Amino acid sequence: MNPALLITASGLPALLDVAAPHLEWGPLAPVFVLMAGACVAVLVEAFVPRSGRRSTQIIVTVATLVVAIASTLTTIARGTRIVAGQGTLAPDGPTLATWVILLATGLGTVVLFAERVGTTQTAFVASASSVPGSPLEAKAEQEHREHTEVYPLLMFAALGMMCFAAANDLIMMFVALEIFSLPLYLLCGMSRRRRLLSQEAALKYFLLGALSSALFLYGIVLLYGCAGSFKLGDLAAAGVTQVGSSKLIVAGMILVAVGLLFKIGAVPFASWTPDVYTGAPTPVSGWMAVATKLVALVGLMRVLYVGLGAMRWDWQIVLAVVAVASMGVGAIVGLAQTDMKRLLAYSAIAHAGFVLVGVVGAWTTQTGMAEGQTGSVSSVLVYMTAYGLASIGFWLLILMVRRAGGESTEIASWAGIGRSHPWIGVLVVIFVLSFAGIPLTAGFTGKLVVFLAGWRGGYAWLVLIGVLFSLVAAAFYLRIIVVVFFRSAKEGDDPVEVAEPSIAGWITLIVCAVFTIVMGVAPQPIIDLFNQASTFLR
């Protein structure tokens, strides 16, 4: 008898009797909340009149992020950690911690998106599809149009980032990568200021991002050819049995790492970072500096620790070289920058190198697998929390310092604003000292824990190089303080104005500044929390 004609108890032919997919709604609730909120935001664009669209989008976005944070905290409180979504998603400790950081950063980013300073307009162009300088663009400006689509794009990007951080399957990781990359490509080209530069940034990011995605996918194919599965656990089993003999795993590992290091912004895959950060709208640059780097780091650690742990002798030294190159390029080239956004781009490259020191120290014979891995994961989460606080706050300050044409990002134009506006001077000092890793700030705590992870992992030489380049990078951070307090504006230059933040802007700045200091003065509670959430499910 033809086996296709066999009838099962369900009434279906045997070959068609496929088990229905099962989703664990509880652990994945934050993902579903964000997905629902993003879909509602799309409907708002379609059905809400233009006059009420902006306020409605802000309410929907903030409410969605708050509910998603509450849902994540509820999942953490329950304490159950399972592999969900047919084995494709792992809402484990690192994932849940990443979700909290990501969603909290998203709330700060909404403030940047919505901030109106100097004029009635935001940082986003009135008509993205019009030719820069055309009558159509001028008409859109006169009518005070806004692209409120940026809010659903933000939520879809956050949705992809959440899935990426939780991905326990290489295909899910690739799909999530594309989900959060595509909205970012669009957002990068929507700057109101320097339209042509913004469009150039979006095109560069898209082309190089497409190349990195292709390499990432090719690496997945090679790993699948070796393991016969896309799941990281199966890949780990294949690596154990074939270690030292399979060139296929090594080639696939390199290509996957290239795709992830591109998103982290590590040398030599960081050529896009200065141009994109400079040309993109300031709120988008701030969001990318924190969120993209955070989820890419967590994804990299999950692939290396869970799937490719047996190949640690191959990837450790490569990552160490990448870390040194990133620290060196970011710190040295940053010294020559005269534009604030471009300086922060090279700062982000240097920070990518610093945080990779902790990633490299995960696997050694001295610490053992479990202890070394746990210390590295928690150190990366602490570092990115500290970096996120300073970044969101400082990028918001960039929105405040303005000239007639928009934001004033030349470092020299900030001369003396610390004396004329003491509040912005104090905030600049707090955030810049945190970037530099000065004691009693969150940045010092972050660097301390990642350097300790590298040291305990047997990479003392890498830590010493990191300390050296930290001193180099401190020079251009301190230069900002010198300009803000001890320099005067040149005669004949256009005057610079410092806009007053909105109430939400003030709250964001105060929260970022306070937690930056608290993490520097009393870091142990946050370190303990991340230590408890630092083990990947396998």
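Using N, Cα and C of the backbone, Cβ positions are placed for all residues, glycine too.
Swiss-Prot lists 57-77 (among others) with the feature transmembrane segment, giving sequence analysis as the kind of evidence.
Long-range contacts of the transmembrane segment (94-114) within its own chain (CB-CB distance under 8 A, at least 6 residues past either end) are made by residues 30, 54, 58, 61-62, 65-66, 68-69, 72-73, 75-76, 122-124, 150-151, 154, 158, 161-162, 165-166, 282-283, 286-287, 290-291, 294-295, 298, 301-302, 377, 381, 384-385, 388, 392, 395-396, 399, 502, 504-505, 507-508, 512, 529-530, 533-536. The transmembrane segment annotation in Swiss-Prot covers 94-114 (among others).
Per Swiss-Prot, the feature transmembrane segment maps to 147-167 (among others).
According to Swiss-Prot, the transmembrane segment annotation covers 170-190 (among others). A Cβ distance under 8 Å defines the sequence-distant neighbours of the transmembrane segment (170-190), meaning residues of its chain 6+ beyond its ends; these are 85, 88-89, 124-125, 128, 147, 150, 153-154, 156-164, 198-199, 201-203, 205-206, 209, 213, 216-217, 220, 223-224, 230-232, 235, 256, 259, 263, 276, 279-281, 284, 288, 292, 295, 299, 303.
Below 8 angstroms of C-beta separation, residues 170-171, 173-174, 177-178, 181, 185, 235, 238, 242, 246, 248-249, 251-260, 262-263, 269, 271-272, 307 of the same chain, each at least six residues beyond the ends of the transmembrane segment (206-226), sit close to that stretch. The transmembrane segment annotation in Swiss-Prot covers 206-226 (among others) and is backed by sequence analysis.
Residues of the same chain lying 6 or more positions beyond the ends of the transmembrane segment (288-308) and with a Cβ under 8 Å from any Cβ of it are 90, 94-95, 98, 101-102, 105-106, 109, 157-158, 161-162, 164-165, 167-168, 170, 173, 180, 184, 223, 232-233, 235-236, 239, 249, 253, 256-257, 260-261, 263-265, 276-277, 280, 315, 344, 348, 351-352, 355, 359, 362-363, 373, 376-377, 380, 384, 387-388, 391-392, 395, 536, 538. The transmembrane segment annotation in Swiss-Prot covers 288-308 (among others) and is backed by sequence analysis.
Long-range contacts of the transmembrane segment (315-335) within the same chain: residues 253-254, 257, 261, 265-268, 270, 304, 308, 343, 346-354, 356-357, 359-360, 363, 459, 462, 465-466, 469-470, 472-473, 475-476, each at least 6 residues beyond the stretch ends and with a Cβ under 8 Å from a Cβ of the stretch. The transmembrane segment feature in Swiss-Prot is assigned to 315-335 (among others); the stated evidence is sequence analysis.
What Swiss-Prot lists as transmembrane segment is 343-363 (among others).
Taken from Swiss-Prot, the feature transmembrane segment applies to 380-400 (among others). Long-range contacts of the transmembrane segment (380-400) within the same chain: residues 94, 97-98, 101, 104-105, 108-109, 111-112, 115, 117, 123, 282-283, 285-286, 289-290, 293-294, 297-298, 301, 340-341, 344, 351, 354-355, 358-359, 407, 409, 424, 427-428, 430-432, 434-435, 441-443, 445-447, 449-450, 498-501, 505, 508-509, 512-513, 515-516, 519, 523, 526-527, 530, 533-534, each at least 6 residues beyond the stretch ends and with a Cβ under 8 Å from a Cβ of the stretch.
Here Swiss-Prot flags 424-444 (among others) as transmembrane segment. Within its own chain, the transmembrane segment (424-444) has Cβ neighbours under 8 Å at 347, 351, 385-387, 389-390, 393-394, 397, 400-401, 417-418, 470, 473-474, 477-478, 480-481, 484-485, 498, 509, 512-513, 515-521, 523, counting only residues six or more beyond its boundaries.
Feature annotation from Swiss-Prot assigns transmembrane segment to 458-478 (among others); the stated evidence is sequence analysis.
Feature annotation from Swiss-Prot assigns transmembrane segment to 503-523 (among others).
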Take a look at 57-77, 343-363, 458-478, 503-523 and tell me which one has the most Cβ pairs under 8 Å to the transmembrane segment (147-167).
57-77
